Amino acid sequence: MKDVKALKLMTLNDVLSQINGDMTLGIGTGSTMELLLPQMAQLIKERGYNITGVCTSNKIAFLAKELGIKICEINDVDHIDLAIDGADEVDPSLNIIKGGGGALFREKVIDEMASRFVVVVDETKMVQYLGETFKLPVEVDKFNWYHILRKIESYADIKVERRVNEDVAFITDNGNYILDCKLPKGIDPYKFHEYLIHLTGVFETGYFLDMADQVIVGTQEGVKILEK
């Protein structure tokens, strides 16, 4: 049986086939992209592609630079041709939860900007409903984070925790906190997103709804390509 890393690597050829000679590329954050990015950089170099990357986190920007990928800031481009990113959960409608790496705000900005958004996952990320195996991240202001937490818990039977890293509050690249929400089955993601996004102090949610153009899934039986 193949492990998760092997399942992700199975998707490599399908990911690389999306990249062509002259494009602005949105580069996602997380373990999947860290695994695939060196191969993407090698392809760009070998074929002499004129690729400019727009990165979703400081960490992935540092890695891309080390690999020789030309990068720029989001405000230096007026379009993104293709965004490639991982996901924490994907439901049967190809709706997604992201934000396990804490970069959900920048990821959503870049993925929404892209003409095409391709998601790469292994089969363990496929779920029947969003929140089945992964908590929903919500990026919030430090000032009133606890009051936001209480309001989220009052919405339904939702357990909310402020994310910590080695006993210290996790801080996003934007200087905010992350609240991780354990969702019960039956939560409507569209309605819950609307509730959250209208709370003062909420910057963004980890719901990526109706955004993915294609999901590439590494499975024990091979690679599956899912599209709406």
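Cβ atoms here come from the backbone N, Cα and C positions, even for glycine.
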For the substrate site that Swiss-Prot describes with THR29, GLY30, SER31, THR32, ASP85, GLY86, ALA87, ASP88, LYS98, GLY99, GLY100, GLY101, which of these is also annotated: LYS2, LYS65, LYS125?
LYS125
For LYS125 (substrate binding site): intrachain residues, at least 6 apart, with Cβ closer than 8 Å:
GLY86, ALA87, ASP88, GLU89, VAL90, VAL217
Find, among the binding-site residues listed as THR29, SER31, the one whose Cβ has the highest number of other Cβ atoms within 10 Å in the structure shown.
THR29
Using an 8 Å cut-off from the Cβ centroid of THR29, GLY30, SER31, THR32, ASP85, GLY86, ALA87, ASP88, LYS98, GLY99, GLY100, GLY101, LYS125, can you name the remaining same-chain residues around the substrate site, in sequence order?
GLY28, MET33
Would you mind reading off the Cα separation of THR29 (substrate binding site) from GLU107 (active site, proton acceptor), to the nearest angstrom?
8
